[in-house]
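According to TrEMBL, the domain 'CHRD' annotation covers 33-154. Taken from TrEMBL, the feature signal peptide covers 1-21.
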């Protein structure tokens with residue numbers, strides 16, 4: 001009887017142990033990717049349009065929860081004297097809300113790439129998501145803006 005009881009006890013213990021899982025090998029689900037903010041710069045997007053061979057790209061991410069915009073601007077074919085983010089729909093000029101930082105050693109101008117991070121206001125975030133934000137780069141030859149990029153969020 002003792003032997004049967006011991007066998008049943010051992011079998012019950014093995015059955016109970018087999019139902020336990022080792023959670024140490026489970027991986028946490030990946031964080032969702034942040035929406036991508038992108039655009040190509042051209043003179044044709046400026047208002048009024050500018051004839052230029054200069055080009056550029058705006059690439060970044062936007063965190064809807066924190067309203068943090070991280071971006072990189074690259075360009076070629078021009079020497080910027082200023083650069084900004086503006087509110088304004090394609091085809092319309094708008095107010096500056098973020099001047100790009102100087103990033104060369106003398107802090108007197110820009111070099112490609114230009115990197116930035118900012119927290120948008122609720123109104124700026126709404127404008128960005130609605131396609132109402134653009135970036136542009138200004139030059140001595142075209143102080144109102146030589147190339148522009150109307151930003152899109154995907």
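Each Cβ is built from the backbone N, Cα and C atoms, and glycine gets one as well.
Secondary structure of the domain 'CHRD' (33-154) per DSSP (helix as H, G, I; strand as E, B; remaining residues coil): 11 helix, 53 strand, 58 coil. On the 0 to 100 pLDDT scale, the domain 'CHRD' (33-154) averages 94 in the predicted structure.
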